[in-house]
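*Asks:* What Swiss-Prot shows for this protein is this:
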- 1-16: signal peptide (SIGNAL)
- CYS42-CYS131: disulfide bond (DISULFID)
- TYR43, GLY45, GLY47, ASP64: Ca(2+) binding site (BINDING)
- CYS44-CYS60: disulfide bond (DISULFID)
- CYS59-CYS111: disulfide bond (DISULFID)
- HIS63: active site (ACT_SITE)
- CYS65-CYS138: disulfide bond (DISULFID)
- CYS66-CYS104: disulfide bond (DISULFID)
- CYS73-CYS97: disulfide bond (DISULFID)
- CYS91-CYS102: disulfide bond (DISULFID)
- ASP105: active site (ACT_SITE)
Amino acid sequence: MRALWIVAVLLLGVEGSLLQFRKMIKKMTGKEPVVSYAFYGCYCGSGGRGKPKDATDRCCFVHDCCYEKLTGCDPKWDDYTYSWKNGTIVCGGDDPCKKEVCECDKAAAICFRDNLKTYKKRYMTYPNILCSSKSEKC
């Protein structure tokens, strides 16, 4: 299911905050997000279950939790405004929902950067079937 969602996004073109999130990750980590994070571990990409495999996968778990806490927002499609100031992401705009989505994406991009040294290639295309069915709580 996760793979189909990612392929659909790639075929249709990325819109809204997904494109902005991709740009944040690329700038913070130097990695191409679709290749490096779209299928990483048990939580990166669409959906997630089980225990995060490592610190990078935990970044995705926390990001999913952040999105879950947003009410009345469409975090994958609502575009937001942000800028870079002295190497830091600054979320802007007047819409509180869009600003919160930006803050979730910002936190994840920073988390990916901070955990680059623990990134494991073996989790890049980790099969969902190997993730346990019982998920951690946010």
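Glycine is treated like the rest: Cβ placed from N, Cα and C.
Source: prediction; values computed, not measured.
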*Asks:* List the residues of the same chain that sit at least 6 positions away from CYS44 (disulfide bond) in sequence and have their Cβ under 8 Å from its Cβ, in sequence order, or write 'none'.
*Replies:* TYR37, ALA38, THR56, ASP57, CYS59, CYS60
*Asks:* Just counting, how many other CB atoms are there within 10 A of the CB of ASP105 (active site)?
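*Replies:* If we count other Cβ atoms within 10 Å of ASP105 (active site), we arrive at 26.
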*Asks:* By CA-CA distance, flag whichever of CYS73, CYS102, CYS104 among the disulfide-bonded residues is nearest to ASP64 (Ca(2+) binding site).
*Replies:* CYS104
*Asks:* Check the DSSP secondary structure of CYS91 (disulfide bond), expressed as helix, strand or coil.
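*Replies:* DSSP call for CYS91 (disulfide bond): strand.
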*Asks:* Work out how many Å separate CYS102 (disulfide bond) and HIS63 (active site) at their Cα atoms, rounded off.
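*Replies:* Distance (Cα to Cα, whole Å): 11 Å.
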*Asks:* How many Å lie between the Cα of CYS111 (disulfide bond) and the Cα of CYS97 (disulfide bond)?
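*Replies:* The separation of the Cα atoms works out to 21 Å.
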*Asks:* Cβ-Cβ under 8 Å from CYS42 (disulfide bond), same chain, 6 or more residues apart: which ones?
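*Replies:* Within the chain, CYS42 (disulfide bond) has Cβ neighbours under 8 Å at GLY48, ARG49, GLY50, LYS51, PRO52, LYS53, ASP57, PHE61, TYR126, ASN128, LEU130, CYS131.
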*Asks:* Quick check: in three-state DSSP terms, what is TYR43 (Ca(2+) binding site)?
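*Replies:* The residue in question, TYR43 (Ca(2+) binding site), is coil (DSSP, three-state).
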*Asks:* Calculate the distance in Å between the alpha carbons (Cα) of TYR43 (Ca(2+) binding site) and HIS63 (active site), and round it to a whole number.
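*Replies:* A Cα-Cα distance of 9 Å.
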